[in-house]
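What follows is a single structure, written as structure tokens, with notes after it.
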Amino acid sequence: MGFVGDTHKIDKGGCFIGGMKSLVRRKQVDSANSKSSSRAGSSNQLAKALTIPHLISIGVGSTIGAGVYILVGTVAREHSGPALTISFLIAGIAAALSAFCYAELASRCPSAGSAYHYSYICVGEGVAWLIGWGLVLEYTIGGSAVARGISPNLAMLFGGPDSLPAFLARHTIPGLNLTVDPCAAILVFVVTGLLCVGIKESTMVQGFVTSVNVCVMAFVIVAGGYLGFKSGWPGYELPVGYFPYGVDGMLAGASTVFFAFIGFDSVASTAEEVKNPQHDLPVGIGFALSICCSLYMLVSAVIVGLVPYFAMDPDTPISSAFARHGINWAAYLVTIGACTSLCSTLMGSIMPQPRILMAMARDGLLPSFFSDVNKRTQVPVKGTVATGLLAGTLAFFMNVEQLSGMVSVGTLLAFTMVAISVLILRYVPPHEVPLPSSFQEAIDSVSMRRSGCSSSSSDIDVESTKIPVTAGDSTPLLAEISVGHPLVEKAAAKLSYLVRQRRKVAGWTIMFTCIGVCIVTSAASIVSLSNPARYALSGFGGLLLLSGLIVLTCTDQDDARHNFGHTGGFTCPFVPLLPIACILINVYLLINLGGATWARVSIWLVIGACIYVLYGRTHSSLKSAVYVPATHVDEIYQTSANSLA
């Protein structure tokens, strides 16, 4: 009796069932065995060059954008008031929930692709494609929008809005109502060329630019703190108190500034290029997020204390705060900080996309053109150039500010799916993994060997019976039980059934918990609903959510999680509470992005679905894969190696 799965057998009922099965097929975690077999003689290996300092510079540089120089004034005036610091703290804690999930998956599955890679392993090909396609949108639009914001800040350094040289200044094409930005396109192409040189070299440059930005923010904190103590902190001496808009306003401010933290996921996209991913990736993500949150809180605490929140300039809050205290020249330092932060964020926006494209091309979902890695620089040069050309063209011709909300969709979808993947990894890790059809001979050999062992005869009075249990169950001692008494055999079979049912219960619970999250957040966000309908939906969704949390808390996590991927790395704490809270926050923010944003994103996702149906589904590397129990993979690889030897 063989153990080959039937995941890819096309049902006689038609291609529809086969197509649906392709959406849920999952790939194997990259391991030493899989890499050596699938990439033997291949040149698509990325350079192992990054350490903790590199990862911190990538994370901080990608996260701290010029938004902090503007966001402080807008959120303080409209939402938080002097409580802006607490808004940043709450947003940082919410971002940390996703960071914990990223840290575990990045250390267990250290390959290029970030959330796309994790979704492909834990959820399935269809969801992974949508996540990867959404990340492509995020990095393309994000990079273009950032590049568009650099030229106005550069112009301020040269003396005014129209002080840039003619070949760099923005021009409006008559009759087309189109404003082109040569400076933005040139900067994108420069960054693209730098990224093609090598990951270590480009990271060093990003680290230098980020250091300049951090120094500017340190100046704001130190000089602003001195002015605050000297003037008595007028922004805090207000009759309205610390919460002029109440706790609700402070929480609304936290929802707004949360998007200032969506950049640390760029660290996870470089996982394959990290020297010691099990240790360095979690440390790099943690330190980067901690530094960003600390800087945000300190800057906001200083600025809202220097100027009353209602008197802050929403466009230039920091420089105007210093100007009110007679330090006009600080505006130049603030502008330098804005320029350097934008340049660093631009690098952080362009760098991950070629790696996402490379991961998708490796899996056959995109043409192999994107999977080529330059032998000398060991970076995906072709994918980087293609990304740079697209982002540079958009930055030159289009004002993509109205599309900037689409960036948040890709990020929040990725955050949500990473949290779901952690739940799947802990409770229902994949018990079957795909192997290339070239291993069929080794698979048959191991199958015959195990079948022979299980059916071998014994003494006349004792019958040896093997009770197989699906790989990944929480009682590995039941993997193979030889019994000689009917009662013992019956008890073992019943226990095996209960173990399998535990996996089913956990899987269905995760699904219903996610449904409960969607119902609760929708009821809380859709203002057009009547109060009775809102209360009814909130109650029903809350019941699903709370029941799911209780069931998962009382359910033993699967022991197979200890052998899933690379062991010895970071382990996400407070499971299932932390991932469920992460899902709740991210889904709530997704729903509140607005109908116009979702309409634009839907068009992009429909285009992606068409590409998947027409190309990705039929070219997937899993199309002809053979699925085997995870516990037998090492034996199959060993058998294959012995036969080749």
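Cβ from N, Cα, C; glycine included.
What TrEMBL records for 570-620 is domain 'Cationic amino acid transporter C-terminal'.
If you look up TrEMBL, you'll see 49-72 (among others) marked as transmembrane segment. Counting only same-chain residues 6+ beyond the ends of the transmembrane segment (49-72), those with a CB under 8 A from a CB of the stretch are 84, 146, 149, 153, 198-200, 203-204, 206-207, 209-211, 213-214, 217, 256-257, 259-264, 266-267, 270, 273-276, 280-281, 283-285, 287-289, 291-292, 295-296, 299-300, 303-304, 312, 314-318, 334, 337-339, 341-342, 344-345, 347-349, 351, 378.
The transmembrane segment annotation in TrEMBL covers 84-103 (among others).
Counting residues 6+ beyond its ends, the transmembrane segment (115-136) has Cβ neighbours under 8 Å at 22-29, 105, 109, 265, 268, 352-353, 356-357, 359-360, 363, 365, 409-410, 413-415, 417-418, 420-421, 424-425, 429-430, 565, 601, 604-605, 608-609, 611-612, 616-617, 620, 622 in the same chain. Positions annotated as transmembrane segment by TrEMBL: 115-136 (among others).
Per TrEMBL, transmembrane segment is recorded for 178-199 (among others).
Beyond the ends of the transmembrane segment (211-229), by six or more residues, the same chain brings 57, 60-61, 64, 68, 291, 295, 298-299, 302-303, 305-306, 318, 321-322, 325, 327, 330, 333-334, 336-337, 340-341, 344 to within a C-beta distance below 8 angstroms of the stretch. What TrEMBL records for 211-229 (among others) is transmembrane segment.
Residues or ranges marked as transmembrane segment in TrEMBL: 283-309 (among others). Under 8 Å from some Cβ of the transmembrane segment (283-309) lie the Cβ atoms of residues 52, 54-56, 58-60, 63-64, 68, 72-73, 76-77, 80-82, 84-85, 87-89, 92, 95-96, 99, 102-103, 106, 214, 217, 220-221, 224-225, 227-228, 231, 233-236, 238, 244, 257, 260-261, 263-264, 267-268, 274, 317-318, 320-322, 324-325, all in the same chain and six or more residues away from its ends.
What TrEMBL records for 379-400 (among others) is transmembrane segment.
Feature annotation from TrEMBL assigns transmembrane segment to 406-428 (among others).
Feature annotation from TrEMBL assigns transmembrane segment to 505-529 (among others). Within the chain, the transmembrane segment (505-529) has long-range Cβ neighbours (under 8 A, six or more residues past its boundaries) at 420, 423-424, 427-428, 537-538, 540-549, 551-552, 555, 558, 580, 583-584, 587-588, 591-592.
Annotation comment: TrEMBL describes 535-555 (among others) as transmembrane segment.
The feature transmembrane segment is assigned by TrEMBL to 567-591 (among others).
The transmembrane segment feature in TrEMBL is assigned to 597-615 (among others).
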Q) Looking at 178-199, 379-400, 567-591, 597-615, which one has the highest count of Cβ pairs under 8 angstroms to the transmembrane segment (84-103)? A) 567-591
(Q) What residues elsewhere in the chain lie close to the transmembrane segment (535-555), defined as a C-beta under 8 angstroms and at least 6 residues from its ends? (A) 423, 427, 502, 505-506, 509-510, 512-513, 515-524, 529, 576-577, 580, 584
**Q.** Sequence-remote partners of the transmembrane segment (567-591) [C-beta within less than 8 Å, at least six residues beyond its ends]
**A.** 94, 97-98, 100-101, 103-104, 107-108, 255, 258, 277-279, 281-282, 408-409, 412-413, 415-416, 419-420, 422-423, 426-427, 513-514, 517-518, 520-522, 524-525, 545, 548-549, 552-553, 557
Q.
Ranking 178-199, 379-400, 406-428 by the number of C-beta pairs under 8 Å to the transmembrane segment (597-615), which range is first?
A. 406-428
Q. Under the DSSP assignment, what numbers of helix, strand and coil residues are found in the domain 'Cationic amino acid transporter C-terminal' (570-620)?
A. 40 helix, 0 strand, 11 coil
